[in-house]
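According to Swiss-Prot, the feature transmembrane segment maps to 22-42, 58-78, 92-112, 116-136, 148-168, 170-190, 224-244, 247-267, 278-298, 313-333, 406-426, 431-451 (among others).
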């Protein structure tokens, strides 16, 4: 940027069309967050009505994560082939229909299937909305684009918590899911009133359709084998997370089978850059493992261990959700200032100072607990707002929606595992201790993976001929693309 451009406030670098594109995507993501977290709010009510165990109840949260990898792949490929806008609208319709089905569910299996549909829609919304906004904004503002957008999910969670406190005591838990059908009206408006993403239009202007991940996996020479592996992965995940298996060894074997299938898909679709894709899935896996025990089971912790009533639960969840929303925006500013990876590491390190006090303070002082949760979620959860930008930078435009959607949502299986891990540990410890210890320990893994830029580093170790040295979104260099000390030595040579 020129000196003159740098002196202009950041928001003046955006025109009306770019703001409209962002606003539409942000509202879509808000509705996504609203629909998705409803199950966490009414988990105890559903558990009581259906007579579920704690692990079975937690698996209803996990169900949406089980289908996300496939939704991210399919709807991401739709976004790469036909445009980000169509994929975004389709995603909203999917998760809205799934939410309505939850309201009519007569039992556990039906609700589990409805949650699978929600997961597919959520995955598509994440990948399509994120690429849509990031590709519509100027390069030097794309961390802000990512962070501001993802804040919509947390705002949706806050709105859902407030609606829960008003609706459920009067009309029961099913009424909450009936409200979730409203996003379809918004989807119809989106289809007519928002432009296509600029990067996608420039890349595809006058050119033949791109070969998407769906084309490679399900229309290529290995399509039969890939269809069989897809069914095998879906079946394995069903048995792992539907509460049907009690043998940890069998679950571990099925988990390894799924991992092998997903790695195979990544190798086929990304070629020599598969080490980067696999490591991105690992990064996201641990990002969900550290954050989602709290996201999924915090309402249960507040209602059972702290004995809060629905109104107090809603107030505490407001602090938590609002903190995450503010953190997404703060993360956007930090990312554009410090760089994406450095901002991520600094924010997570600061959040570690708060995670133990959150679960050690107890429930005597609601306001202190709410304040601690606000800052912990702002620093620990909010920084994930720039995760789409971090992942998207490793993929070219014509593969970005599917690449982001697939890697992110395969890694998001950590979100399926997280509440079940928390519930299992809580059978031996109290739930607060289980949530705090999981989050505290696994956050350090994410700090190392992102701080050391392991996707680029492992790519350099295994397939250096396909190494990308600079971020495809903002053009900044990847620190893991060069050995330790090389950049410093180059700087010394330049000065001399």
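Glycine is treated like the rest: Cβ placed from N, Cα and C.
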Tertiary contacts of the transmembrane segment (148-168), as residues 6+ beyond its ends and Cβ separation under 8 Å: 22, 25-38, 41-42, 45, 129-130, 133, 175-176, 179, 310-311, 313-314, 317-318, 321-322, 324-326, 328-329, 332, 381-382, 384-388
Region pair the transmembrane segment (170-190) / the transmembrane segment (22-42), three or more CB pairs under 8 Å: yes
Contacting positions for the transmembrane segment (313-333) when only residues 6+ beyond its ends and CB under 8 Å are counted: 41, 143-152, 154-155, 157-158, 161-162, 164-165, 298-299, 302-303, 343-344, 347, 366, 369-371, 373-386
Intrachain residues whose Cβ lies under 8 Å of the transmembrane segment (22-42), provided they are six or more past its termini: 14, 60-61, 64, 88, 91-92, 95-96, 98-99, 102, 115, 118, 121-122, 125-126, 129, 132-133, 136-137, 145, 148-157, 159-161, 163-164, 168, 173, 176-177, 180, 182-183, 186-187, 190, 193-194, 295-300, 317
